[in-house]
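Step one of this worksheet: look at the structure below.
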Amino acid sequence: MSEFPFFSPQPLFSYMMNKNSRVHTDSNIRNTFFTEIGIGILANSFLLLFHIFKFIRGQRSRLTDLPIGLLSLIHLLMLLMGAFIAIDIFISWRGWDDIICKFLVYLYRSFRGLSLCTTCMLSVLQAITLSPRSSCLAKFKHKSPHHVSCAIISLSILYMFISSHLLVSINATPNLTTNNFMQVTQSCYIIPLSYLMQSMFSTLLAIRDISLISLMVLSTCYMVVLLCRHRNQIQHLQGTNLSPKASPEQRATQTILMLMTFFVLMSIFDSIVSCSRTMYLNDPTSYYIQIFVVYIYATVSPFVFMSTEKHIVNFLKSMCVRVKNV
């Protein structure tokens, strides 16, 4: 089996499983994993429908509404792809051909990259929304959703290109005369590319991740500075005994700051787990941990966004009251 570098182009949970692998027989891990995915699918579906109805009713949209709706759609599709892939991880049916393997793994990897991109874009747009009029970012406040859509489409094409190597390296029927492959699911295998191609795609992935996460951290720090400055100004004008009430923009910024922090922490944790899997290739514990970690952000993020929407909060409260009265 070949070892992959840290920023490797491996598609999902590539693991050195063999024919006697018992990953799919652990019912507790399987049930917990599908519960996590099921909760994430329901939450993202609810958030996506909320933004669709909001658009249909013609309500005034914020600069960040489109990325939030898009992020819920991306996470929904990513979780659906992950559910199909998980079925072939935990249930040994080996019924997929090359086309299904390439299609599912390629789409999953593309959606995961788009999740990172959209999260970064959301952080930058919120920093633009919060920026003062004297800032150089203020001129971007009045950009229409059309500009955001064009940026998203351009980045989508870029990410599909970066993940295109999977269309070659993913196969359903490996060459069993060689050990130079890694099993992704019970049906799908990844055959390593040449050293040159592997190095090129690893470099592209590393540049992508480092650039976007760095931009996310910079925009997050910028928002923290603006919030602290605004709070100090309010306290200076009203006195330290009064607690300034946060504006809707500030509450939204605090929510996105919390989400960005959670995303960065999960990314760091995922990187640590990936490193441990690289050093201890046959350790199933790291494999199980990465299965759960990779979907935590997609499952938790819709709840964070819904907690800031008064209409959703009031609707859920009324539903809870109705359930109690039944």
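Using the three backbone atoms N, Cα and C, a Cβ is placed for every residue, glycine included.
Both Cys188 and Ser276 are recorded by Swiss-Prot within identically named topological domains, on the same side of the membrane. If you go by Swiss-Prot, Cys188 shares a disulfide bond with Cys101, out of Cys101, Cys275, Cys320. Just one residue in Asn175, Asn241 has N-linked glycosylation site written against it in Swiss-Prot, and it is Asn175. Count of Cβ pairs under 8 Å against the transmembrane segment (210-230): among 33-53, 105-127, 286-306, the largest is for 105-127. Listed stretches 33-53, 71-91, 255-275, 286-306 were compared with the transmembrane segment (105-127); the greatest number of C-beta pairs under 8 angstroms is found for 71-91.
Counting other Cβ atoms within 10 Å of each Cβ, the disulfide-bonded residues Cys101, Cys188 show the lowest value at Cys101. Counting same-chain residues at least six beyond the ends of the topological domain 'Cytoplasmic' (54-70), those with a Cβ under 8 angstroms from any Cβ of the stretch are 47-48, 118, 121-122, 125-126, 128-129, 141, 143, 145, 148-149, 152, 252, 256, 305.
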